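Chemist: Reproduced below are the annotations present in TrEMBL:
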DOMAIN    30-435  domain 'Cation/H+ exchanger transmembrane'
TRANSMEM  20-40  transmembrane segment
TRANSMEM  52-69  transmembrane segment
TRANSMEM  81-98  transmembrane segment
TRANSMEM  110-134  transmembrane segment
TRANSMEM  172-195  transmembrane segment
TRANSMEM  215-237  transmembrane segment
TRANSMEM  258-283  transmembrane segment
TRANSMEM  303-320  transmembrane segment
TRANSMEM  341-364  transmembrane segment
TRANSMEM  384-404  transmembrane segment
TRANSMEM  416-438  transmembrane segment
Amino acid sequence: SEGGMMGLGLGDPPADYGSIMAVGLFVALMCICIIVGHLLEENRWMNESTTALLLGLGAGTVILFASSGKNSRLMVFSEDLFFIYLLPPIIFNAGFQVKKKQFFRNFMTITLFAVVGTLISFSIISLGAMGLISRLNIGSLELGDYLALGAIFSATDSVCTLQVLSQDETPFLYSLVFGEGVVNDATSVVLFNAIQNFDLGNFSSLKFLQFIGNFLYLFGASTFLGVASGLLSAYVIKKLYFGRHSTDREVAIMMLMAYLSYMLAELLDLSGILTVFFCGIVMSHYTWHNVTESSRVTTKHAFATLSFISETFLFLYVGMDALDIEKWKIVSETYSPMKSIALSSIILALVLVARAAFVFPLSYLSNLTKETPGEKISIRQQVIIWWAGLMRGAVSIALAYNKFAKSGHTQLPSNAIMITSTIIIVLFSTIVSFLFLLN
């Protein structure tokens, strides 16, 4: 047919219509998010991420009705998308923009909170889950599942927390909560992976020591890799002096080397999050001073913009994914609504308890080492740290999908209820903590 040929000749090459629509819708929604966020700038209750969450929920609802209750997901939640594309810019920018003096001054406290604290929280949540959730007889959950739950819900959401506290008003608190958030994300991911690769059959004290040694090795090696990449980028830019030809090359090589450090870490089975975070810190200290004036402004804004876009996308995504009908259907067919509520509230309670169980004792320990009262963590600050860390975010969701939904599908009711509970907890904790912290 000639008309068909003509049609093909005139337009673009035929792409997958569905994916074009999906991307188009996402971009449009992100624009709306930014505009709404801007209009609500004076309003303390809303910021970009809550706006994005709510818009995602809204969009999900609209698509549900439009497709007459078939699906609300335009894209299946993929961890690849999350861990490879969205997380690195956010974490890198966090490291790049952090106030280094504050961060390193409180480095010991941060590591104490993030590493020891996460381990404490992990043990409490896992043990509590074994004790309480097994009573709900939800179905086939094994020891590995409970441990994974502990790791999933030990991951606080550093992204969310950053938006509530401001770096200028409360620098001390900000650096504590923020540093803990990043290192804690890394810790939970490392823990989670360690559990996945762990043979739970013959558990012994030797295995446990091996586990801890492995953990420390990951930690050290990732940090080292990040610092090394940062220094390498500084050296390359200084030696080759890109700036005399073009700013673009300088900016590009900074971005790409930072991204490369993340990929290298993941390839070597280290923690990419820690690597890219320390790479950001080192780059902002060394590389940034070796580039031309115009590149400094460009890189600063470019990194911030990338991070901002990834964040907005992420929250939209979580909001839309929360309305995937399939999972809720499986859950509502298998379990009574009380059971779902019970499960979510048990986990929430465990998270609260676990968080309190390490924030207060560890703050006390940390205060013993500080001489001046100004450096101590006051009770009010401790409460804020406790609450700020209650937000569970995208890392939890990504890990939950990794564990309980292979390839985006959840046929097993026990898996489906785990995912729906994770989503309920993420939505609930994010919104409630926001309201609490803003007061």
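Glycine is treated like the rest: Cβ placed from N, Cα and C.
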Chemist: Answer yes if the transmembrane segment (384-404) and the transmembrane segment (303-320) have at least three CB pairs under 8 Å among residue pairs 6 or more apart in sequence, and no otherwise.
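Modeler: They are in contact.
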Chemist: What residues in the same chain, six or more past the boundaries of the transmembrane segment (341-364), come closer than 8 Å to it by Cβ-Cβ distance?
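Modeler: Same-chain contacts beyond the ends: 109, 112-113, 116-117, 120-122, 124-125, 128-129, 132-133, 136, 138, 149, 153-154, 377, 382, 385-386, 389-390, 392, 417, 421, 424-425, 428-429.
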Chemist: Sequence-remote contacts (6 or more beyond its ends) of the transmembrane segment (303-320), Cβ cut-off under 8 Å?
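Modeler: Contacts with the transmembrane segment (303-320): 26, 29-30, 33-34, 48-50, 52-60, 63, 72-75, 77, 82, 85-87, 89-90, 92-94, 96-97, 159, 255, 280, 393-394, 397, 423, 426-427.
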Chemist: Assess whether the transmembrane segment (81-98) lies in contact with the transmembrane segment (258-283), where contact requires at least three Cβ pairs under 8 Å among residues 6 or more apart in sequence.
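Modeler: Touching, yes - the transmembrane segment (81-98) and the transmembrane segment (258-283) meet the threshold of 3 or more Cβ pairs under 8 Å.
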